[in-house]
Every structure is written in structure tokens, then in C-alpha cells.
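Asks: First the structure, then my questions, so here it is.
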Amino acid sequence: MGKKSNKPTQGKRAYNDKREIVLENEKFESYYRKQNIFGNNAESENEFQTLMEFLKKPLPTTFRICGYLQHAFELKNHFEKHYIPQLQNVEFEGTAIPAPEIIPWYPNQLAYSIDAKKEIIRKSPPFKRLQRFLVSENEAGNINRQEAVSMLPPLFLDLLPHHLVLDMCAAPGSKTAQLIEAIYNQAHVKDAVKDSANLSSLQGLIIANDADPKRAQMLVHQINRLNSPNVLVVNHDASTMPNVIIPSSSSDEANEKEILKYDRVLADVPCSGDGTFRKNISLWKDWSATSGLSLHPLQLRILIRGLQLLKVGGYMVYSTCSMNPIENEAVVCAALKATGESVSLVDISEKLPELKRESGLSNWKVMDDTLQEYSSPEDSHPENVTLASTMWPLSMDEMKKQHIERCARIYPQHQNTGGFFIAMLKKESPLQAHRVDALKKQDERPELKRQKLDNEASVSTSAPQPVTKTGNNYFDEEPFVYIKPDDESISSVSNFYGLDPKFPRDHFFVRNQSGTPTRSVYFACSLFKKIIENNINRVKFVHGGVRFFVKQDISPLLKSNESLEVNKDICNFRIHSDGVNIISPYLDEKFFCDADLEDLKILMKYDYPRLEQFPENGKLKVGSEKMVFGCNIVRAHAKTEDGSLTDMRILLPVWRSPNSCNLMLARKEKQNLELELFGMD
């Protein structure tokens, strides 16, 4: 195999470190020139050339500080004090490298852009230190490395803590994480959970769906980092998303059911992705007009299904990372025409005022893969099944009535991002079934056959027929089985930890067929429980809930403690780190022990450190005398006078043995926390 060439690669970029791709695609250029996406005037050609130049540039590294607001601000202050100053006036191989900049339109200035090549970030010492910080905080769930325009859709939904939200095409989960944060942050719920009445009344829930089983599993990692009891992951084709059945809110009859409707729906639909050329450079060789044409029917079905599931008065965001009007305005126009006056486009021009955007297009061309134009559906060849009648622009009068200009187009050259499209729709009244059915029938073709959508106006809420596991992998997922509040194990755990009687003990569940707490015990909100119990054979459940308790082998502790009477009081379930922040306000105070920063260093550095290793007059050493044997919670406030650490309250589960105290965190979690607190790894 020959050596890599050292010749300059102008107009090319390395791909997979093995070959190079020419950053050109004549069809792509011709297609978008014909679309006149920047109008048809003297300046439009200059704008188009600038777009093409930006599409060939590497995309900046962007990230947002995530999690709940108080901690996010603490981490932001830490980042700006201890990382930003070291990145000023940095040079790499004689070239000045700009420091990270705040993304101006992101709320609370919690998102940043680093306009430096990945090679520089990996090799330059100051940026290498930053890279280490970003990787660690990303794993811990405190930072999300996410393309800037990908952060946009959740920001337009104006979420409130009680909202029911459907994320129709959720994987890999970055936007879902934003939705979770928004529900909590709007009412400072993290602080409110200290009041047991608030915890039991948290009715907000996010259902995160993806059609691909493997991608649905990717959501689990994102969601687990936030430890929210208000998220449920499911696996369905978004265009045929099943109705979710819950007990009727308007009847006291136990058998009365109703269809769950959502306050907000997000549909970041599958698309050709031609707004992502800067990141996915294989598009330069693979792009074809066929991609947008073939995806248009699916995108329209997803949008229509989302509107069916939306509450009257609710809002839905439709978005793509494509610049193609066939995937964008054409889909929105077709949906608006099919739903009549039941749905309207929302003016979002005043939202996120720092965001530069263009209005939606009111005219575009329909072309096949050879770029042959067709002026109307009647003009296209009958055998050309890729062209649906919904792809063509409506009349100018219809366009004006729909206010298609209220859609938003994001172009790379305006704020150094990828390309993106967003439309926000409001459901004004129930959809008229006959109009939606007419849309479905007009383009029925063999290659587009699909499951029949549930009719919004008339759907059976009777129990569905049982579904067998054979051939259905996602019904092979371990079931969600709720534990009775008087279960012996739950009663024992509740009594041992002094769990507040107001805590909703009927919300505990396990993931096994027997319903017995053999390993882990999970917790989720009240609506989560209603959905699980009423849709066992209707919905493909994948993941949800927060792990609260884990069974612990206590035989070593009992053996080392044979002479002590306290043996009989040791609980064989310990509190898991995922749920410690939620459950701690409801536990007996005797399970808490304060700790100093030096105590935390020792806990993170050593496995099972002996008590004599802790500072003699430190809080943990003094408090250890009152600790119960088994699981306890260490409580610390991480702040130093010189400000070298983040200012945050920390709760960590520990295991107290006669002569040692061990931090019950996985090694990677310890390393991430150590880096965040002490700048060490």
C-alpha cells in the first residue's frame, strides 16, 4: 500500500483517513440554482456562491451546557473562569485560533461554538485540555456536543412542567434531552421536588419514539444521564404511531378510557440531510434529487399523524436538516391543505431574535433525478412513481392564505452553521377525517402502502388483542411490572430508610416477568404508570423510569459484624446514584452524613478507603460514628474560596462497613466527577 500523498488537497477533504472526496456535486448546484432559494436578483448569485463556499468548510464544534439551570450556570461559570482564559491568543503552527464563542441566540448564553479544526483541538495543549473536559462532561450528562441548528426545534415549543410531549423521531436523543430540561427548568422543578406534594403532582411526560430499534436504544444513554422519571422511550414507525390509551379524565368509571393527546409534538423527520454537507462529506458524492422525492410522502405522513395526536390548542414543530423545498415547504403546504382551517402556521419571527433566518419559499420546482422539470402533476410521466401530487406549489392565493412565509430557513453562511428548516403549527380545531383520508387516497401507490392510521375522530379504546412475542423483538423487551405498595421488599426498604408516607410508593416497578424485586427497583411519574398499565400489548415500550434501589450483597458486612445486634437492621437494598437526588428529601435524616472536599477526594481516589484515611477532624470522620451500617448518603457543598471548583450541592451514596466507607459510583462516574470538581483525571 502506497504512502499518503503530501500534496495539498485543495477542494478536497480527508474521508475516513483512507480516501478523499472532491467537494463538488454538479447536480446539487444545478438543482438549487434552479430553485432560486435566494430569489432571482443581482445579489442572489453572490449569496449562492457564499453558500457553496460555506458548505465546503468544516463545521465548528458546538456544545451546550445542559442539565437543570442552577447546575448549568455553575458549570458555565467554571468553564468561563478556568478554560476560556487559557484559550485566548492561541496559535497552532503559526495560525491564530479563535477562542470558544457564545452562540448568541441560545437562551441564557449556555451554548458555545469552537471554530477550530478537530486536528487542532486534539493536538494543541490548551485545546487538548478543553477536549478532555468536554468528553468527560459529555459522558456525565453536563454538556451535550450537538450541532447548533439541531438545538433549535425544542426552543420553539415553549414547554411547561405539566405538558405532555411527543418526540416522534427522537434518536439519538439530543433534542429529547432539551425537552426534559425545559419541562423541569420552567418551574424550577428541581427545587420543587423537595415538597412531596409537588413530586406526586408532576404530570409532565415526554414520550420519545424512534422507528429504528437500535436507534431507540441510543436514546436510553441520553435519557439516563438526566435521571428523569418523566420520560418513556418507545419504538414505532412515526407515521403510524399508535394511539395511547389512558383512564378517562372525565369519568369516574374504571373501565372508561380515552386517547392520550399531546400538548406539544416535535417531528424532526428523516430527510436527505443536504443541510449537513459540512459534517457528512460523503453527501458530496452521494447526493441525488431522488432522496428528497422519496422521503416526501413519509415526511407528510409523519406530519399528519403528529397533528392527529396533538391536542386542540397545542403546537407542533416540523423540522429537517435539509434545504430542499420538496421536503420542507411542500410537506407543510400539503398538510395545511389537507387539514383546512383546523391547523395554522405560527409566526415565529420574533422568537430567538438573535437567530438569522430567511422566510419560507412560496415557489419551487419539481424535478426528477435527471433534473428534468415538471410544471404540474399532470405533466409528469405516469410511470414516474417518485413524483407525488403534493410536491407542487399551491396557487399564490393559497400560499398567501397559508402564510408559508412563516416557515424559517437557516442557511450555513449566515451564522456559520449547518442548513435547517423549521415550521411551527397550531391545532385550532379537531381534524376533519374526510379531508385527511382524501389526502391519503390521492397518492396511494404500491410502493407507499402502509398501515392504516388510527382515525382521530373514532378510535376503539377497548383492550387490543394480545400480541405474541414471536418475530417481534421489541415485545421481547423485559416488561414493566409495578410492585404493590404492600410488597414485603418495598415495605422493608421503605421502613428501613424512613421513607416519607407521602411519597408515592405505588410508583415503584421492576423490569422482569415475575414482578419481584430481584435486582433493581425503578420509579416513574403517575402518567407513566397509567400508560404502561393500559397499553401493554399496544405500544412497544423500550425504556423509562429512574433506578432508585439496587440489591446489595450484605453477607460480607454481616460476617464482619457477627457480634453486633445491628445485623438484623441492615437493608439488602442500597440507594442508587441515579435516584439519590429525587428520593433524598423523603429519607430519614439519620442516613445523611456531611463531608468536606478532602473527604470527597479520598472517596474518589480509593476503593473502600479505611476510616483512618480520612482527616481526623473532617466532617465524614466525625459523622461516620453515627452512620448506619450499609447504605448512607454523603452530603457536600463543593465550593472553595478561590473559586477553583464549581459551586454545587452534591449527594452521593456510600456503603458504610465497620472499618471503611466506599463511594457507590462506577469508576467512570468517579473520574468524571473528579475532573469536574478538582480538574483532575
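Heads up, the Cβ atoms here are built off N, Cα and C, so glycines get one too.
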Asks: Per TrEMBL, which of Asp115, Asp210, Asp286 sits in the S-adenosyl-L-methionine site along with Cys169, Ala170, Ala171, Pro172, Gly173, Ser174, Lys175, Asp237, Asp268?
Replies: Asp210
Asks: Over all shown protein chains, what is the count of other CB atoms within 10 A of the CB belonging to Ala171 (S-adenosyl-L-methionine binding site)?
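Replies: Around the Cβ of Ala171 (S-adenosyl-L-methionine binding site), 24 other Cβ atoms lie within 10 Å.
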Asks: Is it possible to get the count of other C-beta atoms within 10 angstroms of the C-beta of Gly173 (S-adenosyl-L-methionine binding site)?
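Replies: By my count, 27.
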Asks: Which whole-number mean pLDDT does the model give the domain 'SAM-dependent MTase RsmB/NOP-type' (51-428)?
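Replies: Per the prediction, mean pLDDT sits at 91 for the domain 'SAM-dependent MTase RsmB/NOP-type' (51-428).
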Asks: What number of additional C-beta atoms lies within 10 angstroms of the C-beta atom of Lys175 (S-adenosyl-L-methionine binding site)?
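Replies: Result for Lys175 (S-adenosyl-L-methionine binding site): 27 other Cβ atoms within 10 Å.
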Asks: What Cα-Cα separation, expressed in whole Å, is found between Cys169 (S-adenosyl-L-methionine binding site) and Cys321 (active site, nucleophile)?
Replies: 13
Asks: What is the total of other Cβ atoms whose distance to the Cβ of Cys321 (active site, nucleophile) is within 10 Å?
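Replies: Excluding its own Cβ, the number within 10 Å is 23.
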Asks: If I take the alpha carbons of Asp237 (S-adenosyl-L-methionine binding site) and Cys321 (active site, nucleophile), what is the distance between them in whole Å?
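Replies: A Cα-Cα distance of 20 Å.
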